[in-house]
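J.: These came from TrEMBL, pasted as-is:
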COILED    398-433  coiled coil
COMPBIAS  651-666  compositional bias 'Low complexity'
DOMAIN    187-328  domain 'AAA+ ATPase'
DOMAIN    508-652  domain 'AAA+ ATPase'
DOMAIN    724-816  domain 'Clp ATPase C-terminal'
REGION    651-688  region 'Disordered'
SIGNAL    1-16  signal peptide
Amino acid sequence: MDTLAWHLHHDRLCLAHLLMVLLEGSRLDTPREVITKCHGDFSHVRGAVKAVLVRLPRTPVTVPLGGAKVTPAVTEVFLRARRIAEAEGSLTGVQHVFLALLYCPTFYKILVNSGCDVELFKEELSLAYKNTPMPNTSGTTEQLTKDFDITQYGEDLTEKAAKGKLQPVIGRDEEIDRIAQILSRMMTKAPLLIGEPGVGKTAVIEGLAQRIVEGAVPKGLRGRRIISLDLLNLSAGTSMRGEFEKRMKEIITFLQRRKKDVILFVDEIHTLVGAGKTSGSSDATQILKVPLARGEIVLVGATTLEEYKLHIEKDAAFCRRFQNIVVEAPSKERALSILKKVKTNYEKFHSVDLSDEVLEGIVALSDQYVKQRSFPDKALDLLDEACSWKKVSHNKQIVVLKRKIEEAGKKKDETAAEELQKWKDELAALEELTANGRRLALSLHDVAHILHLWTGIPLGKMTEDEISRVLRLADILSSRVIGQQQAVKAVADALAIQRAGLSPKNKPLGTFMFLGSSGVGKTELAKAVAEEMFDSEKNLIRLDMVEYQEAHSISRLIGPPPGYMGNDEGGQLTEAVRQKPHSVVLFDEVENAHKNLWSVLLPMLDEGHLSDSKGNRVDFTNCLIILTSNIGQQHILEGYKEARALSASNEKAGTTETAAGGAAEDGNGGKEPAAAATGGFKGSGKSPRDILKRMRQSVMKEVLGYFKPQVIGRMSEIIIFEPLNTAALKGVLSLKLAGLTRSLAAKGVDFKVTDSAMTFILERASSYKYGGRRMGKYLEKYIKPRVAPLLISGKVKSGDRAVLARSNTNPNQLNLIICELDEAGNCRPGTKYGTKLVVQEVKTQEDGDDDEALE
């Protein structure tokens, strides 16, 4: 059981492991004979148990041999078996364990479904295990292998090739020739295929099997069989010491006798390292070393580069028995050729038509957006699932329409009749698509839908609505991020370039640095972009750089080095992007991070990828990177304050230049090179434009003093967010109140805010230094805590209108006017009353520097 669980990467020993060991133990014929004698199908029983094993969750890390924990269910079976044996006055045997397992509903159901007579099974168990002798393992090697059937531990690939059950292999002639060349040597070494998952290592062996069947191989390889070893069958039922070694010996002896006839293929050969090893015994690799060194057996292995380095390369003696063949992922062109070659099989299986345009689109889209997998595997998977989706969705549409037609047929009104005819027409159109043997045609829209399910990337067909949304993105974002037109435009332009397919393929979608004081909308813009263009705010990966102030903490982004705790969990950044490859990555308040951060992030900003601590490459080319910082905020606050004051003065004097005008050209959106500041800008600017230009120079000087030039050079744009003016603060307050309005509307309350109430809140919550953040704080501190008791007590209920208004008699008082609404939406007479909500004087804040926590 331990060996089986170890091989399957299971960390718990359950009833399925116990059943497999009993069914395929050293006395394999006994359970087969008993079940067959009881009219059951042994193959059905074994297959059902194996299916349960395959469905069990696998641990990401190999559990040490013997480290799997026994489940309570297994313990209960053995206790019950002992009680049964004690009742019979005998020692516990295999038959007692089988009898105890009959109390398990799953095993009982499997037996019944196989046709087995359970009562007869109980009777035959004791007789079979009592009278059946232990198998005789003595005798010569010839006798031992005379009736040995190696296919019980694997499958014959050449037989499958002869029956046409293997897919054609495209573009792997070089690797197949290389294997044939190595196998034809006098001093034969074992070819070892090394490549990333999904590149086609197994396909290379299948290609060799097809060539053998066709006779297109050197004379020494003609007529050979290729047996693919099934490690699950090999390790099943080897809980007793020596059983695994016995099976390996049987296989090796068979291969030695049939050296000129049989080639053994071991996929995932690294799993043999440690396989079968128990106290005082050898693992599979030790057993294979001698026959491999002597050239007594012919073997081909396959593994990944990571597993090769981790398991095989460390054992120099085992490693030198192999001749490595590196299997590279095919190019886009070769992947397309593979799809064109196998498309007939997919068309036949799924009953769909595949055009060359769709196949080209599958290759292009999988290459661009499925970076973590390799060709041809990712393209074939995308093709297969898209075909399946096309067929399933078409059938589902028909079923839904038939249900609607049935329901509409029960109604007698005119509207129902119109809907009925409409749905009948739609149903006829759908059925026409597959009438007279016609097949559905797969479209790029279907492919994009599957890719969206895989990655979360909104790659649906570019409809007019979506095109309109991209073109209006700046306006959409501006409705959420108030007063930051320049920042919004820069981000919207970057996303439009990406949607048009003009962005570099090896860089992130954009890399922006947002500078500004607290509460001006830096983080809000990142959230808005995630929701509008990346489907949801859930696709915002936010990293608070305050947590990465120490040098050692930077390693958490990509994962601790090997040997450190948490290495197996991966990095907080790399794992997040691996799970959400299409996302906004926000490094919040980046100036708080340790300077070692940049040595980690520079490859991501430059090449669009980052390797974690385990060497796995994580792709960032579908991510928007945003860094926020408060560096230079004092210069920004003072500069805009002076520029706006001068603008107001100019307006009074009749001139036209304003702070906003200066900012639009040379302010926060400009890209002038950083220049030396002139010791500040108060009183030195002759116009708002000059003031903002000097302000930017001062800010950039401070930025360059903190960030390395390599970092600044990799920014798409450095954007300075303006401090919010009165109009912008009012817009922020409107957004915050709109959220409260929606919450109350969900409870049936019509909530309104008068202009006087807006002015009341602005007078008390406006802050030049802290921006829009104080608006939300004010609502949380003064408005919501006073509205909540009214809702709970029922004073404000569904069907009421609640109006927030300033008192007519006391300018420092805010009231809530409540009334019941009639059917026309007007207040019912006699139901209107007011309640005092807030009484508060306006507190002076010198230059907006004193937040006072809204006390």
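Any Cβ shown, glycine's included, is placed from N, Cα and C.
Unlike curated records, TrEMBL annotations are generated automatically.
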J.: Would you mind splitting the domain 'Clp ATPase C-terminal' (724-816) into helix, strand and coil residue counts from DSSP?
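T.: In the domain 'Clp ATPase C-terminal' (724-816), the DSSP-based counts are 52 helix, 15 strand, 26 coil.
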J.: What is the three-state DSSP composition of the domain 'AAA+ ATPase' (187-328), stated as helix, strand and coil residue counts?
T.: 64 helix, 26 strand, 52 coil
J.: Could you tell me the mean pLDDT the prediction assigns to the coiled coil (398-433)?
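T.: The answer is 83, the mean pLDDT of the model over that range.
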J.: What is the number of residues in the domain 'AAA+ ATPase' (508-652) that are helix, strand and coil, as DSSP sees it?
T.: 71 helix, 28 strand, 46 coil
